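Noted in TrEMBL for the protein shown:
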DOMAIN    8-437  domain 'THIF-type NAD/FAD binding fold'
BINDING   25-30, D49, 57-60, K73, 96-97, 118-123  ATP binding site
CROSSLNK  K165  SUMO1 cross-link
ACT_SITE  C174  active site, glycyl thioester intermediate
CROSSLNK  K191  SUMO cross-link
CROSSLNK  K237  SUMO1 cross-link
CROSSLNK  K258  SUMO cross-link
CROSSLNK  K416  SUMO1 cross-link
REGION    545-642  region 'Disordered'
COMPBIAS  581-594  compositional bias 'Acidic residues'
CROSSLNK  K623  SUMO cross-link
COMPBIAS  631-642  compositional bias 'Acidic residues'
Amino acid sequence: MAQLVGPLRKELADSLSSCRVLVVGAGGIGCELLKNLVLAGFKNIEVIDLDTIDVSNLNRQFLFQKKHVGKSKAQVAKESVLRFCPSANITAYHDSIMNPDYNVEFFRNFQLVMNALDNRAARNHVNRMCLAADIPLIESGTAGYLGQVTVIKKGQTECYECQPKPTQKTFPGCTIRNTPSEPIHCIVWAKYLFNQLFGEEDADQEVSPDTADPEAAWNLADAAARATASDQDGDIKRVSTKEWARSTGYDPVKLFNKLFKDDIMYLLTMDKLWKKRKAPLPLDWTEIQQIESSQEEACGTGLKDQQVLGVQGYAQLFRHSVETLRSQLIEKGEGAELVWDKDDPPAMDFVTAAANLRMNVFSMNMKSRFDVKSMAGNIIPAIATTNAVIAGLIVLEALKILNSDFDQCRTIFLNKQPNPRKKLLVPCALDHPNPNCYVCASKPEVTVKLNVHKTIVQALQDKILKEKFGMVAPDVQIEDGKGTILISSEEGETEANNNKFLSDFGIRNGSRLQADDFLQDYALLINVIHSEELEKDVEFEVVGDAPDKAPTPSAPEEGKNIANGNKDSAQPSTSSKAAAEDDDVLIVDSDEEPSSSNMEASPESSNRKRKHHDADMDDAASKRKRLDQQPADDDEDIIALD
């Protein structure tokens, strides 16, 4: 008869106490997971998290208390967990897992890695490091009442990036600046405005009317006569938004009249935009202040954050938040910048007020502060019990791996409501690696369509290699017979190339680039297709990337996919199908155990590269569609999450 140590066989209990495991992330899932690990008998644990504790974490990250606010999550989590098991050997790192210090050799020190991350880039990076080190990885994610756990093993399962996913939903600049039609457009505009006024200016986040809008066929000669804003009220001057705001001393009334009156009147001169749309209605500060307070009652009941104010209420909130943010800038000194944070009340007040005022201008129903925060922060409210269930499932999968029962490992989905077979937890067999994965295939290769006469080397490095394919420090060599080095990870070696066009180096249709990231032990061959017919605002396309819409599923049961929500989600996709843009996954539950490939996974996750011989898994969040479809009216509240 097998000897038991608690509920485990002695051999397995010994394995737990001797093995070294790495936990990446000490947030909602991470806290529950660390507690579970020490109580299950794991003795050698290392945990890494770059984040510090915020007040908003305390409702679910139970290892933290109010006295810990501002301190390292990893360090405080370690101290709290040691109270459960003082004999455990726990090492905490207050650092980013993407730091070059945590290389392949570092990962090889562990028998198992467990992700409890909140962002796509880090998940992709850990995926690649585990593939390079040939260490099993357990991925997990939660989004509200939904959750998912899966196992990734080089050569045996799909990796995190095996299925290409659409990038997070973005909107054309002219839509944000000229013709918003949904509340999310106004919220994105308000976040851009915050950065333009108080933060780091970004040319891609301009908020003034876009005169280059291809739809706007208008007469420039008429513009000055028709947009009759006065100098006192701000006038429309084609200067930097921040420069203009500083010149007014961040006067909230002048800012208000420029943004919601003068700029709107300027938009109205673009006649063609409004032939098939309802024209915007400018707001005037003086007129708004004359509105009877009795007409300005807040809509909705319950908490203050869930009430919708009137135009006058949001105008006053705008004024108050601008004054507060102006004071913060003054306190920080000359040249200081503020960083937008959904948990910073003045910043959140500003975005709430500005977004709602713009919604009113464009005849949309305004939103409560709670709704704006959820959309602006890309948040799906975190549920502590969901984190607890998922953390428990992670440990169960870990026990299977350490017990050499890898064949018993599963992808497990936690549903919001029981499926037709009365199950909340739905296990699915792990899928095999995608032979065409550009992370874990034996010879990773990808085809990129771009305009070689317009794409500069800096864009190739930042937007394609780093952002799209997830490299950290890429080196690129042109396969031209001469071994021309286009990009070097060594500082200063190729900086002179940054602003040159690819065509300047002889790159043309059919050229091949060899990209390597030595930190990730990952190499990618890039085939270049030159095209002058890319859509507006599209700089490049990855040929064969996931379609925007997935094929219509024919399976009986549907569930909703896990989105990268809040700071507790790590959404792995184990689906072998490309997924829909809204990241829905179809969960099949039949008498036989389904394969995760029977589900349509949403590729919300990442566009990162693959390492040779590694099985990757896409950063897709596996959301599952509920049986009860959401009403169409709710669509305006749905955004693609990271």
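Backbone N, Cα and C atoms are what each Cβ position is placed from, and that goes for glycine too.
Curation does not apply to TrEMBL; its annotations are automatic.
Put simply, K191 is the one of the recorded positions C174, K191, K258, K416 whose Cα lies nearest to the Cα of N119 (ATP binding site).
For G25 (ATP binding site), the nearest neighbour among the listed recorded positions (C174, K191, K258, K416), judged by C-alpha distance, is K416. Comparing Cβ neighbour counts within 10 Å across the recorded sites K191, K258, K416, the minimum falls on K416. The Cβ of D49 (ATP binding site) has V24, G25, A26, G27, G30, S72, K73, A74, A77, Y93, H94 as same-chain neighbours under 8 Å, each 6 or more residues away in sequence. Here the CA atom of G28 (ATP binding site) lies 42 Å from the CA atom of K258 (SUMO cross-link). Here the binding-site residues are G25, G28; the one with the fewest Cβ atoms within 10 Å of its Cβ is G28. When other Cβ atoms within 10 Å of the Cβ of N119 (ATP binding site) are tallied across all protein chains shown, the result is 17. With respect to K416 (SUMO1 cross-link), the closest of these recorded positions in Cα terms is A122, chosen from S96, A122, C174. Using a 10 Å Cβ-Cβ cutoff, S96 (ATP binding site) registers 16 neighbours. In sequence order, A384 are the residues of the chain that are 6 or more apart from N59 (ATP binding site) and have a CB within less than 8 Å of its CB. Across the fold, the C-alpha of A122 (ATP binding site) and the C-alpha of C174 (active site, glycyl thioester intermediate) stand 31 Å from each other. For the residue listed as 'active site, glycyl thioester intermediate', the nearest neighbour among the listed recorded positions (G28, S96, K191), judged by C-alpha distance, is K191. The average per-residue pLDDT of the prediction over the domain 'THIF-type NAD/FAD binding fold' (8-437) is 86, rounded to a whole number. Each residue contributes its Cα atom, and for S96 (ATP binding site) and K191 (SUMO cross-link) those atoms are 26 Å apart.
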